[in-house]
């Protein structure tokens, strides 16, 4: 009970020392002590408290114990922070005969990386009894041996240390001849001997048997026994004597089998059989596995098995020399094994992180490892090196620990994997090396936006296309991987300052295919421009934009539209042609437009039908209707013509224009046509009215002869008031607009001067009176007062639009 109490007090003192040393946890270890053979689960102390941590931190930082020899002697309870015994602890197995038995290990923490050195002192208990190397020992002692003679015994061995080791020897029964003595030499070389106290008499007692008991100092004490058999022989009064009590030899650990260590020598003063000496090993407890052999005659000791400095640095041999009379002597042989560089360094990885995000900051710890070499001296000094130090480097951490850290930025797109070789080399000659390979994979982060394979796209579609027509595709690539490289496409909304884009374009979000959703009309939309956005699936997503221009190609889907003469269902206009007109005389001009473009809008004019086809000709390009030959008396007074207007498309589209021509001998023959078919049917009455009008004019001329000169003086002024021709030219500025409006671009008023009774049917346009008037009729006060009008309706004008206004036939007048 007192011993356990003392052990508990010692453990508390060690825990207090570890707590006080906590601020220097990285330099001073945390120390505990525990008795060997302690039960599994026995408490050593609260490691979390002694390290200045909480149990929650142990779990959060994945605390674990790292052992140098790889064996797990203790266990850390993360929930409470207690350090307990994990299994059976045998001090003799772990530390052999060492005076102190220390079990070191490290407490390793992550996030951030941190470790503490912990040392546990294993205390010895009295769990082993003394054991003699031989259960029975036989001595042959001459009967002439004198009292005080000493006979060496092999000591018992006790695996315990200190007070638990052997403290005394005794004989089990009272023996008047012999006593046992122990410790006549130094503490480290105490001999066990039988001492003869009384002369022997073989004839009285030829042999005797008794036991020698070895007792240790444990509580309770333990003991071991060997039986001693004494045979009393006749005179052989000289025992062998070794030249040295202790022999010391050195041998390299890589020495081959059969190598000679040394030779022991003993002498005997006797002669004959009593002087013949033989040598043998006396094996103690824990035999050396017969690493050596000794020649029984010469005493030469040889190596028979390989040595290992790391397993045992020294070996102790006991050699017995026995003469022919049975007398013997023993000596010790200490074998020192000399280390050679036969162990390569070892790298033990404690922590390794892979993969690493490519945005890992420099200085991040990737791996933690320790290096060790089982050799000693220079052979055990280890240095580490890294082959590639562009992105990573080694950094010493604590004692023989090293950290593998990043030193520069990583880029997965340039290098997705780093294979690092760490080489550990000792200082032996030649040096031995070992290599540990770390394969560090780099994980992707979304640091690359999609990139289109073109700076812009131009796609073409013909008008009148089918709905949802595929017209092309955009393509973008992303240098990232996984979701960070998954590209989706969409139409970017137009900015406020831009004109809204056409809603007829769609893009497939997965493939980037561009479709036109509805039929397009070239005449309404020539081209459209949209912005396509490519976005990846990263977080946050990155995007890129590209411009897609859709060009609409024209199809010949619009027939020519005749602007003049008007084809609005009203009767065809009559063009006045004087009978004196010559070949090439311009009768009229057909004006037409085509809403298409290019070749589809090129128009040609052809005479389709005529009352007399040989009398007229039509300009193919200009649409001008002219006389092919001079008029004759046999020609009819009225002619109807149909002009075909055809475009240059494939297939070609066409339209027709109908017009009529009236042949007049004089402008007095001009008739005022009516706008209705009933008026046209009253041609005979109109002729009568014209004749009456001419007669009236003649009478008026005779009766006003006196006023003729005055009339001539103001003729120009009167002609300007009474004889004005108005023509509305309302062609719009573009063919497409003209097609929609059905009129010529601009409105003009022309002034026409004709002398009364003139036989010449030609007239000349002067400059426009009101060139900037809008497309409406032009009227003078006189015309309004006289009620003059044109066939287009009351108060309106008839469209007359020849391209060459230098001459116009009298048939183009609708009213005089």
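Cβ atoms are placed via backbone N, Cα and C, with glycine included.
Summarising the annotation, TrEMBL assigns signal peptide to 1-27.
Residues or ranges marked as domain 'Cadherin' by TrEMBL: 26-132 (among others).
Taken from TrEMBL, the feature domain 'Cadherin' covers 133-242 (among others). For the domain 'Cadherin' (133-242), the DSSP counts in helix, strand and coil order read 6 helix, 51 strand, 53 coil.
Under the heading domain 'Cadherin', TrEMBL lists 243-347 (among others).
Residues annotated as domain 'Cadherin' in TrEMBL: 348-452 (among others). In the domain 'Cadherin' (348-452), the DSSP tally of helix, strand and coil residues is 4 helix, 54 strand, 47 coil.
Taken through DSSP, the domain 'Cadherin' (453-562) splits into 4 helix, 47 strand, 59 coil. For 453-562 (among others), the entry in TrEMBL reads domain 'Cadherin'.
Mean predicted confidence for the domain 'Cadherin' (581-679): the pLDDT average there is 81. According to TrEMBL, the domain 'Cadherin' annotation covers 581-679 (among others).
TrEMBL lists 777-816 with the feature region 'Disordered'.
Per TrEMBL, the feature compositional bias 'Polar residues' maps to 806-816.
Residue counts for the domain 'Cadherin' (581-679) under DSSP, split into helix (H, G, I), strand (E, B) and coil, are 13 helix, 43 strand, 43 coil. Per DSSP, the secondary structure of the domain 'Cadherin' (26-132) breaks down as 15 helix, 41 strand, 51 coil. The residues of the domain 'Cadherin' (243-347), classed with DSSP into helix (H, G, I), strand (E, B) and coil, number 4 helix, 48 strand, 53 coil.
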